[in-house]
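K.L.:
The following block contains the structure, expressed as structure tokens.
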Amino acid sequence: MGSPSPADQVSRRAQALAGHLRGLHTSMEPSLSPSPCLQYSPPELASPPSDFNLSDMRKLMDGHNLQDRDWLFGLMIQSKLFNPRVAGGRVFVSPDYNQSMEQQREMTMKRIHYLLDCGVFQEWLTGRGPEVEMRKFALHEVIGMYDHSLAVKLGVHYFLWGGAIQFFGTKRHHDKWLRDSENYVIKGCFAMTELGHGSNVRGIETVTTYDSKTGEFVINSPCESAQKYWIGGAANHATHTIVFSQLNINGKSEGVHAFIAQIRDTDGNICPNVRVADCGHKIGLNGVDNGRIWFDNVRIPRENLLNSVADVSPDGQYLSAIKDPDQRFAAFLAPLTSGRVTIATSAVYSSKMSLAIAIRYSLTRRAFSITPNQPEVLLLDYPSHQRRLLPLLAKTYAMSFAANYLKMIYVKRTPESNKTIHVVSSAFKAILTWHNMRTLQECREACGGQGLKTENRIGQMKGEYDVQSTFEGDNNVLMQQVSKALLAEYIAVQKRNRPFKGLGLEHMNKSCPVVPSQLTSSTLRSSQFQTDIFCLRERDLLIRFAAEMSQLQAQGLSREYALLQSYQLAEDLGRAFSDRAILQTFLDAEAAVSSGPLKSMLSLLRSMHVLIILEEDASFLRYGYLSPDNAAGIRKEVTILCSELRPHALALVSSFGIPDAFLSPIAFNWIDANSWSSVQPQQGATVPLQI
């Protein structure tokens, strides 16, 4: 056929336009009558009843001190100091981030004094034993769920300042400082980081000398890069600080030591020869007064050297039972272990908060209809949305068991377990905080525009928790420390021809696991396969790392330079150790549960946790632990697991035990919370509160 003539083209266009206008007129008519508005539907209506007991799951997740946690939740919800507000007929509590930096710091102090008066910090420094320490961890976790600034301010005072006195001090320090510190009469901070040195503590430039004529130490910041930096509490409130400094005795540097120095008097005035400046506004944690400190030949009594590791006699002789400088330095890093424990656990609770909010919202928010004249689809019924949130939910369960294990080995520590605690705390701090930041970002995006609102918490929490990746040890540096410790253990085993013992490496005494060439669904979900492939990766990467290091050193490179060249293998090994260790904590938690719905749910979560790691971590393909076909099969299995977890999503986040008031409006009736009536002053509306 020939091409239509211009006249025919015009005619067809006219007919089409006429038909379109007729259809448009017809479709516009119903718009003159009212159309039904969206109605909020509680997430319970989109979720079947749980077949496992939520209280039992919470006990397993929190692990300890549930009554203490709930008591503190209640104290905070009841007080006007915690900024209660009504939205959608519910009371919510969270900090007012519209306040200035100065106002946020003031509110942090008011909340600390309220909690102090309520007895929250009782025995935090003067008590002894695992039960006291676990209660302290539990209450600190609850505080962090309300406000990370409040938790960090308290963590610096009780865990770092107080912990340094407990660990580094002796009876004279305990008697003089701990009681007043626990009662917040003395307000302490922890001056380790400097402008020029963060992770490299050994390189700090503050110098302390001893004056035998007066029996005093003299602390000095010899250059600008030696100024103490990011010191929480220093800018406004701290009266005293632990100063980490190079100790120079008779012209010889004895390495880093810890001293107590006063920086303010009881009236808040800066002490002579001390200079303090504010670090200024930050992307988060503006309720913490981070400061900078310079010491201009500040004199302190000889007794202010924390002397459990080393001492200086009145006549200026250096005394220490630990002759090896490396071992002495390691002993001075002990308080950082408690800091890493609290950071790791708080990261888990931040992940729980964001997932509880995002998943509840996804069970009530709809978008698009798949078929004409049908309701729009719930966000969590989209497979893509399930894949965004449910693997992170399963991993958060795994991280929770890991955090509980970390706390337990810490409170039951012995001198023999210090190495294990250092390695595990370094690994878990890195993995759990990285996971938290990824979870916060995904949950923020999953909530769309609502995720940007400060009142909905998730977006703000990103800025509040970002610091966790770098403080108390940069995560990448910590993972290198993990790999170095594993390498040292491997070399020691080879040199002494003895079996592996400790750090969970006993699996290397057995024959190498074999991964089946064909992976069925039942195989992928079996704990044996999951353990085998994680152990296989760790074993292989440790052997590769040791071989590469040996080869580089044989070529004439120093050990330090060889480590720099092998950083990629070191990173992969650090993650392999962490994943295997975290899986083991999950299996141990699961083993403590009797057969039934709860155990079945844990098995499902564990499989999701493991398979999403197998899918996302390129090392399994890079080093040949998985074939491309098996990797494709794992990807499909993750999708199936998402659909199996979907009916249980609400029950799983409800098991976190987070009070409604600690969540946000979009976790509940977000239509009422954003209604016009919510904008208007509610005459006579009151919230039953007490101060």
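Every residue gets a Cβ built from N, Cα and C, even glycine.
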K.L.:
Which range is it, out of 1-44, 441-484, that shows up in TrEMBL as region 'Disordered'?
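P.N.:
Feature region 'Disordered' in TrEMBL: residues 1-44.
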K.L.:
Restricting attention to the domain 'Acyl-CoA oxidase C-alpha1' (336-487), give the mean pLDDT.
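P.N.:
For the domain 'Acyl-CoA oxidase C-alpha1' (336-487), the model's average pLDDT rounds to 95.
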K.L.:
I'd like the per-state residue tally for the domain 'Acyl-CoA oxidase/dehydrogenase middle' (189-298) from DSSP, helix first, then strand, then coil.
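P.N.:
In the domain 'Acyl-CoA oxidase/dehydrogenase middle' (189-298), the DSSP-based counts are 6 helix, 54 strand, 50 coil.
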K.L.:
Using Cβ atoms only, which residues of the same chain lie under 8 Å from Glu472 (active site, proton acceptor) while being at least 6 residues apart in sequence?
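P.N.:
Non-local contacts for Glu472 (active site, proton acceptor): Leu336, Gly339, Arg340, Ile343, Lys429.
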K.L.:
Tell me the residue counts in helix, strand and coil for the domain 'Acyl-CoA oxidase C-terminal' (531-663), as DSSP assigns them.
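P.N.:
The domain 'Acyl-CoA oxidase C-terminal' (531-663) comes out at 110 helix, 0 strand, 23 coil.
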K.L.:
Going along the chain, which residues six or more apart from Gly232 (FAD binding site) have their CB under 8 A from its CB?
P.N.:
Val152, Lys153, Val156, Cys189, Phe190, Val288, Asp289, Asn290
